[in-house]
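Let me begin by presenting the structure, written as structure tokens, before commenting on it.
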Amino acid sequence: DYEAMQAYKALNTRYYAGRMVQCQFVNIPSWTAAICGLSEFGKCPKGRRCHYLHVFRNPPIYLNTFDLFTTMSEDNNTTTNNNIEQCSIFTEQDKELAVKAKQEYEAGQYDVCLKTLQKILESCPDDPKVLFNIALTEYAMSSFQKTDAFKVQLNKIAEK
């Protein structure tokens with residue numbers, strides 16, 4: 001019980017894969033009823049109830065993808081999605097602003113970063129990469145506390 005409490009204190013409210021870890025104590029009366037985590041993804045080699053903790057590669061952390069728009073699209077074509085044109089051609093000025101915004105974000109200057117991202121958005125409205133970085137910066141400004149609002153913004157971007 002002591003070790004469980006130490007693990008709870010160490011892990012609760014930390015972040016993993018961009019999500020806050022929320023620990024809880026669970027009494028499992030029978031391990032034979034336990035379900036393997038990989039079975040939820042249909043990837044367990046032993047079937048639905050193997051009762052085993054598989055080692056697998058951690059998912060990528062989307063919070064480290066802020067450099068999405070510094071690695072601009074290689075093709076210089078404008079793509080169409082749901083009859084809405086999205087900007088995939090970035091000017092040199094936009095690329096410089098993107099690098100500047102990334103540096104501001106990494107320095108923790110989220111308010112300045114947000115203004116820089118807004119400048120990029122003016123020349124390329126509704127670009128999903130820019131919108132993602134704006135959402136991410138606003139999430140960082142909230143000290144990563146407004147997770148629900150962040151999820152809503154991500155869903156809106158995904159719908160576009």
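Using N, Cα and C of the backbone, Cβ positions are placed for all residues, glycine too.
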Range annotated as zinc finger - as stated in TrEMBL, picked from 2-29, 30-57, 114-141: 30-57
Integer average pLDDT (0 to 100) for the domain 'C3H1-type' (30-57): 64
